[in-house]
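Note sheet for the following structure.
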């Protein structure tokens, strides 16, 4: 094994049995889901995007599909890293709301202005719809060199929408105006293909239902624990069939979410360390460099070799809709030992598709590329089924098995204390009100004649920054 310096990918910082299968069309019979098959392009290193027509006359832009945020936003001015942007002055139907909005991700941020305009999706549902749209005027580490998308489609709940949850999300607008079922499904086809490659890997975003040709076997559903991110409950992890034996709350610290906008499988630090130790212990590689696990180095083999046989499977257990049962989704090494393009003539280099996280377990593209994922908002559940495109050299690289008993697991693995954003907003307003009262008192004290004033010492000085509430966004 040859180890070479390399960088990990940029990360944006998101089940019952077959008895709950959805039909392949909506009740009115107006949706043609086959028309939406292969309407995505991209790769696991830079995200999957959908072509959209915005404004009048329509301007064609590629929009990143992100189930871990809730704003629909597009580049509104030229940017060195984007090839196109939405020029509001050229659209007769654009209406500015004059509201500034800023969204921060785990890496990158943007600031823009809210407005509305009409959109249509060439390979989506029929018709044009008026949608809230933020035009991005400034950004930092959001648009990256080589990306082929020009905006972001946040498909999470309105609780995450900025500047407030009163901003109707894209999908909520679509459900209301097009009268489609409150469900969408996602398939990303990049298994075994180079990350940050040509950007032409296929994928499908099915709006309003489930397309049977995009999955094999049964769909297994897990409840959505809270409607902000698509938060689920993870019961345990296994590496090579061996339980990590961690308390189940460790897997959900402080949340576990399904996020197509995150490139890797991200694990809380304690879980990440246990996974790395288990993989290193069960793999057939001796004295593997720590730099590979942390993303600072790539591992390279001769192009004639396939290293995947050297690594174990990784399984994630999710609670079933029947809380006394669970099921597991399993990814083979072909999904988490990921090839990188363009290094050496005779060597093929790979990155580790798992990283550590300070605030969440994130089921990102590393895992999602193995499955057809159903976001059933109507029944408050997320479904997983094996994806036919999750194959390498003709063999499947993902599995779903169950049911299993949860008798050996706590009845609730999600902490009851959740400092979610709506709570943070309330806390921040309360703190601002308190600070306002304190400031008013100080002003009154300053206006009191000097003989009545307290003589402050250096120890009495208040640091304004101590009162700030820092919001943790995606």
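Cβ atoms here come from the backbone N, Cα and C positions, even for glycine.
What TrEMBL records for 48-385 is domain 'Peptidase A1'.
For 189-389 (among others), the entry in TrEMBL reads disulfide bond. With a 10 A radius on its CB, residue 189 (disulfide bond) counts 23 other CB atoms from all the protein chains.
Annotation for residue 413 (disulfide bond): same-chain Cβ neighbours under 8 Å, separated by at least 6 residues, are 233, 234, 235, 248, 249, 251, 252, 319. Summarising the annotation, TrEMBL assigns disulfide bond to 248-413 (among others).
Feature annotation from TrEMBL assigns disulfide bond to 300-349 (among others).
The annotation N-linked glycosylation site is assigned in TrEMBL to 322.
The transmembrane segment feature in TrEMBL is assigned to 423-448.
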Protein Cβ atoms within 10 Å of residue 322 (N-linked glycosylation site), excluding its own: 13
